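**Student:** Handing you this structure, nothing more for now.
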Amino acid sequence: MMTRKVPIIAVATAPGKAGVGVVRISGQGLGELVETLFHRSLAPRQATLLTFCDADNQPIDQLLAIYFVGPASFTGEDVLELQCHGGPQLLELVMKRCLELGKALGLVIAEPGEFTLRAYLNNKVDLAQAEAIADLIDAQSEAAVRGAARSLQGSFSEDINGLIEEITQLRILVESTLDFPEEEIEFLENAQARERLAAVKKKLEALQAGAKQGKILRDGIQLVLAGAPNVGKSSLLNRLAGEEVAIVTPIAGTTRDRVKESIQIEGVPMHIIDTAGLRKTVDEVEAKGIERTWEAIRLADLVIFLGAPNAEPGHESLREEILGALPAKCPILDVINKSDLIEGGLAVSSSNEASPLLISAKTGAGIDALKQKILHVVGWNGAQEGAIVSRRRHLDCLERAAEHIAKSEQFAANGNNSLELFAEELFLAQNHLGQITGKLLPDDLLGKIFSQFCIGK
């Protein structure tokens, strides 16, 4: 996909019936195809109402055609967009006819993300902006939409590029000193290198904090409700969802398989998974459900370990077993349900941060406190103004850059004797930051990133 120079075509709108469906074509020299399709030229950047005909010159649709002459287009190439009526069969016929008439030009069906890849390769967007297009389409909340839009406008890229520029200026000073050792100046003091490095570190830490919030906005939180049978996991799911999505009975072991529901808490997507109660069983179906419970726990971002006054014996040993299965850095939140059965109710709840949170899924008592606790535990700070969406890839690059900045601090502490190593660590930090916007990224990784996009994007 990285080296294809031929024109490409795809339906750019979602599959299914709709009022409008868009067929998009991109490539060099599409003026010839326009003439062949419509027997006339089109004024660039103007919508023209036209009749689209099949090979027998029979009308297929009346559509709007818009022709963008490169480089003044999304991809940087010539682009033709056909705004048709949105029937799947109709769009298929339009695609078929375009491919027939575009065969001489080498017109082929686009691969996933190929339009956006061409925009990136032609410097219309950087990699972070290209990813923001996909994130905008996949946004699960209003906050995620706004965050992706900021990234698409270049807010995240500007911060990254600004930090790269500061490191570049620091590297210039270091390397110029290495080139003229006879000057014997105390570079680190005279150039205020340590102060500059401290400023870079502070900005990088702020970027990391913002990116962590952005990943929560983009991906949401995989929240697993786990515990023994009959502690109220399904009741809690229903309470959080605001509707009855899971069957609730007094019979232990009612939930035999995972039940998943997505909600939002203060704009943060939460993917809640109700699981089969964990216990030893000879029931083959229940055992399969328990196996899937452990699978969900191993993939969780947060586990709510639910107990109740009437929980089966072995509560603490079960908790230890869950802790052993959790992924690294995955927190566990201890919650006691059915507080309405406890004498004094919520009054017995301790103010100790480590003590279990008391709730009642039946009455709703303590649910608001639970929601706030969830947000706190996953690291959401509630700051949505100016937030951007980010990916695991971005966090990894920022983390590696931070590691090299930390090493450069160590070499800076050694004075002029370690300037070469100081410069090398700055260079490596710069490289990792550059991978976020795509300035320094292997072609195979680029292909992997864009292959996750929709066809037509």
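Even glycines carry a Cβ here, placed using N, Cα and C.
Not my notes, these are from Swiss-Prot:
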BINDING   ARG24, GLU81, LYS124, LYS457  (6S)-5-formyl-5,6,7,8-tetrahydrofolate binding site
BINDING   ASN230, THR249, ILE251, THR254  K(+) binding site
BINDING   230-235, 249-255, 274-277  GTP binding site
BINDING   SER234, THR255  Mg(2+) binding site
DOMAIN    220-379  domain 'TrmE-type G'
**Student:** According to DSSP, collapsed to three classes, what secondary structure does SER234 (Mg(2+) binding site) have?
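**Tutor:** In three-state terms, SER234 (Mg(2+) binding site) counts as helix.
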**Student:** How big is the Cα-to-Cα gap, in Å, between LYS124 ((6S)-5-formyl-5,6,7,8-tetrahydrofolate binding site) and ASN230 (K(+) binding site)?
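**Tutor:** It is 56 Å, counting Cα to Cα.
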**Student:** Around the Cβ of ARG24 ((6S)-5-formyl-5,6,7,8-tetrahydrofolate binding site), how many other Cβ atoms lie within 10 Å? Please give the count over every shown protein chain.
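**Tutor:** So the Cβ neighbour count for ARG24 ((6S)-5-formyl-5,6,7,8-tetrahydrofolate binding site) comes to 20.
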**Student:** In sequence order, what residues of the same chain, 6+ apart, have a Cβ less than 8 Å from the Cβ of GLU81 ((6S)-5-formyl-5,6,7,8-tetrahydrofolate binding site)?
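**Tutor:** Within the chain, GLU81 ((6S)-5-formyl-5,6,7,8-tetrahydrofolate binding site) has Cβ neighbours under 8 Å at ALA12, VAL22, VAL23, ARG24, ILE25, ALA65, ILE66, PHE68.
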**Student:** What does DSSP say about ARG24 ((6S)-5-formyl-5,6,7,8-tetrahydrofolate binding site): helix, strand or coil?
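**Tutor:** In three-state terms, ARG24 ((6S)-5-formyl-5,6,7,8-tetrahydrofolate binding site) counts as strand.
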**Student:** For the binding-site residues LYS124, LYS233, which one has its C-beta crowded by the most other C-beta atoms within 10 angstroms?
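**Tutor:** Max Cβ neighbours within 10 Å, all protein chains included: LYS233.
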**Student:** Three states by DSSP: which one describes LYS124 ((6S)-5-formyl-5,6,7,8-tetrahydrofolate binding site)?
**Tutor:** coil
